[in-house]
């Protein structure tokens, strides 16, 4: 046990980041030694004062690598790893169980080792059950499992046939899954497994990290994995419109003297915080800087609700009166309950209980606020038309696909904006490692960057990223320099990202094909051979072949790899209109995911025959075909 170093998952990392940010109130990127005890408490690892003092004396010598008496996030994570790996892990396990609302389970899966602690939050379970019950209450396909009981474990059982997960993915990101591909009646273990594959591969395609989750885990209803996946899916839906190109009224949140492109770089979380503060300023109330500590007394929420509640000014609008009578209640829980009763008048009593508000649960309070924003943003787009409207075009399908691909692999932090979030190349280095291009991390500048010269540090990273691409990855990067990545030059950035995605896809194929190098020619040859062997009439000459716009070569290939997966009555083969082609493409991509191909491409990519994305579709299907042979 002494030598075991605990690995920390991305989800845990996000929770540690949440805890760190709560204590790092001034956003300096550091916490001081005297704040360490609070930090452990926030990280679900409360330790007595003497223990913290011992740690400060002993471990600071090792962990505080730059000896500045402060700890940055990386140092904190290594400290947590150290603690969880040693004797303290015993008390850690006990303390995590005692933490309010935490249910702990021992490790039971073949992957998890003996003694691992998988805890899950009772509050999250209750919140997600209520959200799903409301979201899918009118769906006839879910009548057999809804409504679920928030106070028992029915959530974990209800996900077992895959239908609920598929439905929630479509609720968060409409049209991701073609309903015709979901198995709904007379389910068998095989058709259930297909549904779960469809859900996992579709979740991946909308940017959820599913690296450590298998269909078996979902079938067994492993709580920590189920809740982790559900939170990602729900968050995609909650954040979908908190984006300026999709909601121009957010321009109202520009600060004095701020440029629009600065506002566009903010994450949905940062935009939500700014939205709340915009309304609090109008109410004459003090700003908040987080969705945990600062909202625990519910008073900011009272003012927010009062600002966004319909005033009845418009012809078809009914006035909603926010009752402040509970505002001065001495009891925090009672005050929170009164506030939530006001939220209920807006149809927004979701995600949090009074206890979640008072405890400052950051995840659930964030969801509560996002739902308020989506229901009553109460923003008016400024009349001033002096903004650069080209900035408001939003991301292309290709950009979104690349971003979802990165996020599904678990890069950290999450990529919200393809260009600005890659401007320091840290995400690109992670992608290099995932594509087996070695990165010398001693050459990489880490966050937080100094105020003075910070951009220079980012450009140094970008220069190294381009150098790695040319020398180690052997990519074609003619005319690309570090400053192009730093400035977010779309064409040149996409050229690098495409080569990373292509390499990643081909690596998967090479692994299945005994290490043989794979190229376009080999994929096309395999596709045509497989189609011919199954007596199919379709074939392709290249990834630009116009026949691909019908999706028939894709559907026939799926049928050749997994007979009976395609229901032929769903496929239109003659006299195809544009809509027919689109329907075929939607069905093809969903069925491909259902048989186990992790496809990121969109139906439009097939209809419009986008060669890059078409290549990934056939490569993923080839991977599935080779896997079957093995």
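All residue numbers here begin at 1 and follow the chain in the order shown.
Cβ coordinates are placed from backbone N, Cα and C, and glycine is handled just like the others.
Among the features that Swiss-Prot reports, Ca(2+) 1 binding site is placed at 24, 26, 28, 30, 35, with the record citing sequence analysis. Positions annotated as Ca(2+) 2 binding site by Swiss-Prot: 64, 66, 68, 70, 75. Annotation comment: Swiss-Prot describes 11-46 as domain 'EF-hand 1'. Under the heading domain 'EF-hand 2', Swiss-Prot lists 51-86, citing sequence analysis as support. If you look up Swiss-Prot, you'll see 122-238 marked as domain 'Calponin-homology (CH) 1', on the strength of sequence analysis. Swiss-Prot lists 266-377 with the feature domain 'Calponin-homology (CH) 2'. Marked as domain 'Calponin-homology (CH) 3' by Swiss-Prot on the basis of sequence analysis: 396-505. For 517-626, the entry in Swiss-Prot reads domain 'Calponin-homology (CH) 4', with the evidence type sequence analysis. Annotated region 'Fimbrin headpiece' per Swiss-Prot: 1-114, in sequence order. Residues or ranges marked as region 'Actin-binding 1' in Swiss-Prot: 108-375. Among the features that Swiss-Prot reports, region 'Fimbrin core' is placed at 115-630. Under the heading region 'Actin-binding 2', Swiss-Prot lists 376-624.
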Would you mind reading off the Cα separation of residue 30 (Ca(2+) 1 binding site) from residue 75 (Ca(2+) 2 binding site), to the nearest angstrom?
10
Helix, strand, coil residue numbers for the domain 'Calponin-homology (CH) 3' (396-505) per DSSP?
66 helix, 0 strand, 44 coil
DSSP residue counts for the domain 'Calponin-homology (CH) 2' (266-377), split into helix, strand and coil
62 helix, 0 strand, 50 coil
Helix, strand or coil at residue 75 (Ca(2+) 2 binding site) [DSSP, three-state]:
helix
